[in-house]
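Engineer: Let me give you the structure first, and then I'll get to my questions.
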Amino acid sequence: MNCQSPIVVALDYPTMAQSIEMAKRLDPSQCRVKVGKELFTTSGPAILDALHKLDFDVFLDLKFHDIPNTVANAVSVAAAAGVWMVNVHATGGRRMMEASANALQQRADNKTLLIAVTVLTSMDQSDLLEVGIDATPEQHVKRLATLAKSSGMDGVVCSAQESSMLSTELGKDFVLVTPGIRPAGSDSGDQKRIMTPAEAMAAGSHYLVMGRPITQAIDPIEALTQANKSLGVSL
Ligand SMILES: O=c1ccn([C@@H]2O[C@H](COP(=O)(O)O)[C@@H](O)[C@H]2O)c(=O)[nH]1
């Protein structure tokens, strides 16, 4: 599908039926979709086939984090399922990321993007300190993203607050996928490092992950339309 929009709608639902109901209301030329831990745990791989049949590009957001062999095999299976994007945790380290990148390179005509999660957008400096990291989120994101790039990742998940810095440091082709997107005035929920859709794109983000601001809106399609309009996406 030739999608016009950088928005990736997080289908965070407890049942496959609810996620398919929402997907059928969405237009694959106006957004991509994300399958995360909740939906995949309830639906299994059947959800990927169902969303592909509806013509969506699918980001499988399972944030793999394990020994290199296990993660490389999991990433390879995800690519075989035809997902547009899959991710691992950068804190799994260089050998884990290199093994994953090699696994995808060995697949003929691989098209799946492989990206690494840096610092979750729900975390701020005090959260990092509690897990033993004495750095600002920006410093730690830079460190992990630099490692991810040199380990063969196509890009990273970060906050849009770090997009400008990463774009300068790692180049404009390094893919920046940014959750924690909140239209002005919307509830931040558990997200700590947030930005509006327009600010995020101006900062250099390539893809904007939006869940609750769309899925929990009174009119989800109108919420998506307004976000796309704020980005100048032709509807
Ligand atoms: O750092 C990260 C990595 C992943 N996510 C995921 O994105 C969506 C965000 O949902 P909202 O409802 O818009 O907050 C969700 O599926 C997370 O698992 C993230 O938020 N931050």
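Just so you know, glycine gets a Cβ as well, placed from its N, Cα and C.
OK, TrEMBL features for this one:
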DOMAIN    6-227  domain 'Orotidine 5'-phosphate decarboxylase'
BINDING   Asp12, Lys34, 61-70, Thr121, Arg182, Gln191, 211-212  substrate binding site
ACT_SITE  Lys63  active site, proton donor
Engineer: How long is the line from the C-alpha of Thr121 (substrate binding site) to the C-alpha of Lys63 (active site, proton donor), rounded to the nearest angstrom?
Structural biologist: 14
Engineer: So which of the recorded positions Asp12, Lys63, Thr121, Gly211 sit close to ligand 1, that is, with a CB under 6 Å from an atom of it?
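Structural biologist: Checking each Cβ against ligand 1, the ones under 6 Å are Asp12, Thr121, Gly211.
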Engineer: Tell me, roughly as an integer, the mean pLDDT over the domain 'Orotidine 5'-phosphate decarboxylase' (6-227).
Structural biologist: 98
Engineer: Quick one: what's DSSP say for Pro68 (substrate binding site), helix, strand or coil?
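Structural biologist: SS state of Pro68 (substrate binding site) = helix.
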Engineer: Do me a favour and check the Cα-Cα span between Lys63 (active site, proton donor) and Asp12 (substrate binding site); whole Å is fine.
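Structural biologist: Pair distance, Cα basis, whole Å: 15 Å.
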